[in-house]
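Taking it in order: structure first as structure tokens, then the write-up.
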Amino acid sequence: MINSLLTRVFGSRNERQLRQLNRIVAKINALEPEIEKLSDEQLQAKTPEFKQRIADGEALDKVLPEAFAVCREAGRRVLGMRHYDVQLIGGMVLHLGKIAEMRTGEGKTLVATLPVYLNALEGKGVHVVTVNDYLARRDAAQMGKLYNWLGLSVGVVYPGMPHSDKREAYAADITYGTNNEFGFDYLRDNMALSKADRYQRGLHYAIVDEVDSILIDEARTPLIISGPADDSPELYIRVNRVVPHLVKQEAEDGEGDFWVDEKGKQVHLSEAGMEHAEQLLVEAGILNGETEGLYAAQNLTVVHHLNAALRAHAIYQRDVDYIVRDGEVVIVDEFTGRTLAGRRWSDGLHQAVEAKEGVPVQRENQTLASITFQNLFRMYKKLSGMTGTADTEAFEFQSIYGLEVVVIPTNRPTIRKDSPDQVFLNRKGKFNAVLADIEECAKRGQPVLVGTTSIETSEMLSEHLSKAGVKHEVLNAKQHDREATIVANAGRPGAVTIATNMAGRGTDIVLGGSLEAELHALGEDATDEQKAAVKADWQKRHEAVKAAGGLHIVGTERHESRRIDNQLRGRSGRQGDPGSSRFYLALEDNLLRVFGGERVQKMMRMMGMKEEDVIEDRLVTRMIEKSQRKVEAHNFDIRKNLLDFDDVNNDQRKVIYAQRDELLDAESVKDNVDGIRDDVIFDVVARFVPPNSIDEQWDLRGLEATLESDFGLQMSLTDLVKEHEELDAEAIAAKVQERVNQHFAEKEASVGEETMRALEKHVMLTVLDQSWKEHLARMDYLRQGIYLRGYAQKQPKQEYKKEAFELFSDMLENVKREVVTLLSRVRIRSDEEVQALEAAERQQAEARLSQSQFQHQDVGGYSADEEAAQVQAAQQGVAQMQRDEPKIGRNDPCPCGSGKKYKHCHGQLS
């Protein structure tokens, strides 16, 4: 009651904001007479003037009134369109990083030119995001005339563009493109092997057209780049034939070619084993024995395959670790004994086991990179959006994206008549009424737009209209070019257009048809008389349609979201035109059935209601809207729930991508490698010779074997300790560290500093990328089963955060170990070899991308809704939480032993 009273006195927040913006509109209007007097050259000179003022530190908000006035005058001169006052308000809302709700026909495309022009003056790039390629190209071509006239460059990005053209488009002041293309290019940039391979120059400011469609409707499913793994199935088979000839050692120092670390599930080749394996691989034709060895740089893939094959033969046993069923290797869960259908071991192990068992070696499709639109667009420093329907989702925009919705008043009052819903007993009665309404409108020359929720319904209606002899168009949303043409002509007298609810957005339905399209069809050589004749003919049609009642909207079913229904209604009544709308429903429709439609249907039949009888009451409409609100709230919970999970992945993605950027930008990564090497060697030594331990606790032979197998170092630590009995654990660690550093220094001296720097950078990038891809697969597996923790009285989200952090920490440690191991063992003779290696890697990366699938779909073959429902169901089973361990205070020492406070270490994930 108090809120209502305050609103009546001071106005709503929306009204207060509009009052503030109207004051700035008055300033812009006051500048108009002065700006109008400027010559074209003087007006164009304003752009470099503004740029200089901004470069000198003047805020954009200070430049805004003058910049908007210049853009408005340029629009009048170049496009023949002058921005209305309400369009100036819309432009300011977009500049402020908010969402402008503007009704259909209010000129959103023209509105965007104001904030785009102003923000492009900073020189950091502005992205204008549309829902399809056709609209991106159309808007870039139309509005590009204005921007180019004002001295700004415009680019448009679309799938399949040449690399140089796309880089140029992103380097422009203003770049148009679809949400998918901006997202995929962001992912591609974070798979690039050099700075020159990247497209984008940072995510600075974006204006999202149809923002509700992109940030809400498409928010639940991620963009995924997936492709076949690099491994060749043939190479697995060839290497598999070599492994049976290698002999297993009974002990670490025994005779043979390799020994097995049962606990770590690893296999290590001895020095003799390396020579024997190299000989066998040469005999098999896999290696060229005259010019290359097993650990030559170009043979790292062969080493990877050999290790996988050794593990498959020596560690993984049939009918224990896996079974063979229907020609496939199926993993057996070591704890439950159940088969894990659909799961595959990573790192090439599964293919190696398939080769061992003689079943077809499958080439995996691996997720190379993924991101959700929620996380993509939240990375922009400033984000804004436009749509005709955002107010119903204002809470979600605010809570997830921090975007406030401002409803912009229409330039002219809306006079469209929205009739109450008509509810029928069943679908047959409903569609009979729909067909009768369409035929009646067609007879009196009133255009009709029929909105359906499925292609099946569209085709059924089309069939009935054809039988009745009613001419009509069915809009296929897959053909964007044709879609725009059909929608542009949907306002002609008597036109009947059947479309799915979302089709045709971005193109206005003009009463009488599109005059602009007709004039364009005349061609550039058309005379003034021809143009005048076309305009006169259009004017007659325009008046005829207005007299018939304007565009009539027929909705054949209520959508789950009120916003989608409002979008359909909003196609009619643009710019103060007449229009009407009505929804026809049946108690069998999905929305009504879920909320008790079947029960009501039985009751109505008992009361004698017939098929052709209709319920028409405002109360019914309100009840339906109440049902829609319930569904909207449920869908919001799903999206919010999924975002909580995605945020964990996103935090990790940011760390990895930041590390990649640092590597790509760095001239040298020597300091990074030196630091990593020290950490890795310290950890390796500590495993066999623990700090502050006595010599009885040392495993010097194990340390020697590991240094030899992993780092190619031969050190007789046993003899060293015998000679120097005073050596303690710290001294041994120092000796090993000294020897490793000497080994790296010798390698650098033999190949040259420049070659070594290039190799270090290449190895770090390659290992990081490969580890990240494998980590994504592990995260997918974790996520698919995490909801089951709810049945064990644990919170799935907290469990996911905890285990994801552990997986990520393990991955980072493995990256360090792998980098040092590869750099220790790789043999490089010249700079040309490194360049050849980088060229081969780049070629492989390009091949991966060319074979990749660019998807906007659900991950893992199950829907996002199902996953969220499973999580929610599991969480409902969570009773009062019982801790497995005592609670750790935020200022207590972290139990991991790092010495840091819990809040600064693992507590950061809480």
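Including glycine, each Cβ sits where the backbone N, Cα and C put it.
Here is what Swiss-Prot records for this protein:
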- Q87, G105, E106, G107, K108, T109, D508: ATP binding site (BINDING)
- C894, C896, C905, H906: Zn(2+) binding site (BINDING)
- 869-880: compositional bias 'Low complexity' (COMPBIAS)
- 900-910: compositional bias 'Basic residues' (COMPBIAS)
- 848-910: region 'Disordered' (REGION)
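Structure coloured by features recorded in Swiss-Prot.
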residue : record           : contacts (Cβ under 8 Å, 6+ apart)
Q87     : ATP binding site : E106, G107, L110, V111, L114, N411
G105    : ATP binding site : D508, R574, Q575, D577
K108    : ATP binding site : G90, A100, M102, D209, M386, G388
T109    : ATP binding site : D139, Q142, M143, D209
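For the recorded ATP site, residues Q87, G105, E106, G107, K108, T109, D508 set the reference point as the centre of their Cβ atoms, and the other residues of that chain within 8 Å of it by Cβ are M102, T104, L110, V111. Of all the binding-site residues given, namely E106, D508, the one with the smallest number of surrounding CB atoms inside 10 A is D508. Taken residue by residue with DSSP, G107 (ATP binding site) is part of neither helix nor strand, so it is coil. Cβ neighbour count for G107 (ATP binding site) (all protein chains, 10 Å cutoff from its Cβ): 19.
In this structure, Q87 (ATP binding site) is part of a helix by DSSP. Look at D508 (ATP binding site): DSSP puts it in coil. As a whole number, the greatest separation of Cα atoms within the ATP-binding residue list Q87, G105, E106, G107, K108, T109, D508 is 16 Å.
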